[in-house]
Amino acid sequence: MTRVTTLLAAVAVAAAGAVIPTVAAHADPAGIAVQTLHFATTVGPDGSRLCDIEGDLYTPAGVSADDPAPAVLTTHGFGQTKDAQRPTAEFLAGRGYVVLAYSGVGFGGSGCKVGLDSPDPDGQAAQDLVSFLGGANGIAFRDAAHTQPVPGLDYVVKDRVAHDGRALANDPRVGMVGGSYGGAIQLAAAATDPRIDAIVPMITWNDLSYSLAPNSTSAVSGVSSAVPGATKTTWATMFMAAGLTAPGEAGYRADPTKLLGCPNFSDQVCTALATSMTQGFPDPQTVQFLRSASAASYVDRIHVPVLLIQGEEDTLFNLNEAQATFDALQRRGSDVKMIWQKAGHSTGGDTNLLSRAFAKPDPATQYTTARYLDWFDHYLKDSAVGTGPTFAYFQDWAAGSGDDPVRYATASSTAVGEPRSFPLSDGRQLAGGRDTIRPGTQTFGTPAGGVVAGSTPSNIKVDPGPRPENQPPGSYVDWTSDPQAAPMDVVGAPTLTVQVSTPTPVTGDLDAVVVFAKLYDVGPDGSATQINGQVAPVRIVDPSKPVQVTLPAIVHRFDTGHRVRLVLAGGDSSFRGGLVPHQVTVATGDPAQQLVLPVVAG
């Protein structure tokens, strides 16, 4: 087992950067019985592979076969275990729900290797847990060896028909809730099992190929691009480290097969990471693999009510991903609503709202907690309570504190902003209109091998203070607007139309021009703050044509006296850039070359 110790030591520092807060274990709450169980789930194309799943069953006092309750299934963020869901489970059990919190495939005390929340194996494992909640025997056991059986539950409300209209065996009234990795599993499970009745995916992905290597142009559907993007080196490293260290030395000793090939991952994950980190973008096989583990590939199989909750401060799974899932579900006529909360993977500091919501759910002070509780009460308990507006978004400039409901604006549509154009002009200006555009040029270089020469700050955590573009002159260009005469509220995804030129021939993905678009808020004192740390990588394979760039969506107020700044950089420390260096020129003067912001009327 020398390899185990070496492996864990090698990635311990990176794994320490966990992105979802952990929760300490504590005594069982009064009135709720908690029992740790093991579940014999079967996965794989032919359902022949056995995976032991460890979970905690929370049963409220008074629940019985004569007085059954609906159930909620929940699991954790990447690299964590069922223990992280304890506060959520206790909160929901205290509200009369039977809750099963489990460690996902490959994590905690659960067996098999990490499956990236794919329908197989993760969705299949969740399907067996649903069957247990619906009364199926032969699935639950008191021990990991599966020798002490526990009967299926007879005290969970049963449904007569599933959401595909069929009468299915062991069909409980059940919802799902969880964030990040615990959000994506809900989408996979709902696509796999029509018995699931309502889900609440939080801060999760639509297309994992976009999450880990986004291209902000050449979109074919939602956030999915026909051209590979730029690898998020920092996030990819943390992701790999968290998965490798998840079993711990004891877990690897208990199941040495997890060490075979790619430790605790399918072999394809190691191959994908190596390729993406080496050449700076995923190859077609990797894109297909990552997309297959994403709602983008199976959203048409989801037929249940979905409440999407996404974080504005999130550079891993940005707001565009939730928007893509929302749009796909809405086009199909699904019952879907969306909340953009402040907190996401990149929220840091002592006032981390995400930590509070996970550790101490409180519907009286937390808008999102109240909304998902109403969602479950409505769909699982048949309560007359409303499910809230179609769209709500957090305004950090609004009065109030924390996740106070008064800090949210609501709308019947997600398209709340009207387009306001800022053409690119000479003098590094974002023009206020067509009549003030002046022709000019700016040139910058992209680094060889995609390695940043400067010291741009990492965007893993959002820094509330100034974040200047700290790169050498000549490695980026920028354009800045006039000061705002009145506050300007931007809600949604900014877009950029720009054409570049380079003397170096471009023949495809390998020698493409790769640039990084960013937005800054420049204060009256000249200090520049990168908005939520968001970056839009752009891989340009045909510089002869203008490119349409969709930047990550933001919710941001440019206050009176503040200016908008657009930066195009040749590199960014959080990404691997283009392999071939280019001298990139942007010629202004054409009004079609413009930044467009979705501005909400005051």
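Backbone N, Cα and C atoms are what each Cβ position is placed from, and that goes for glycine too.
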Feature region 'Disordered' in TrEMBL, mapped to one of the ranges 72-91, 112-131, 352-371, 412-431: 412-431
Composition by DSSP (helix, strand, coil) of residues within the region 'Disordered' (412-431): 0 helix, 10 strand, 10 coil
Confidence summary (mean pLDDT) of the domain 'Xaa-Pro dipeptidyl-peptidase C-terminal' (373-597): 93
